[in-house]
Amino acid sequence: MPMAPRVLLLCLLGLAVTEGHSPETAIPGCHLHPFNVTVRSDRLGTCQGSHVAQACVGHCESSAFPSRYSVLVASGYRHNITSSSQCCTISSLRKVRVWLQCVGNQRGELEIFTARACQCDMCRFSRY
């Protein structure tokens, strides 16, 4: 194959692989991601404020494979697939102060948690 068609083919393959992905999804792993949060003091919104907090977003490694013979025997041949996975989770938190604007031009404050660091860790149904 001549050189020019090979280069064109590689460029087209590169476009096909990366099209439709945002920069964040193109980077493997688990990363901090900012999002806007609105805090209200009560259901009526007597005091409220907003803050950019951090979440953990991304993907981590997982795998599934046929179980070993010893696992099959021990499970009565019911556990024929063994899987292992990790989930993107918050590894540490920090408190941040949110300033609230209240009715009557009063001001208040409230502390909320935001992610400080993220990591791939054992998947859990619920941590809280």
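Glycine is treated like the rest: Cβ placed from N, Cα and C.
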In Swiss-Prot, CYS30 is paired in a disulfide bond with which of CYS88, CYS102, CYS123?
CYS88
Can you look up which of CYS47, CYS56 is joined to CYS102 by a disulfide in Swiss-Prot?
CYS47
In Swiss-Prot's disulfide listing, CYS56 is paired with one of CYS118, CYS120, CYS123. Which one?
CYS118
So, in DSSP terms, is CYS30 (disulfide bond) helix, strand, or coil?
strand
Given the recorded positions ASN36, CYS47, ASN80, CYS88, CYS102, find the one whose Cα is closest in space to the Cα of CYS118 (disulfide bond).
CYS88
Intrachain C-beta neighbours of CYS102 (disulfide bond), sequence separation six or more, cut-off 8 angstroms:
SER41, THR46, CYS47, GLY108
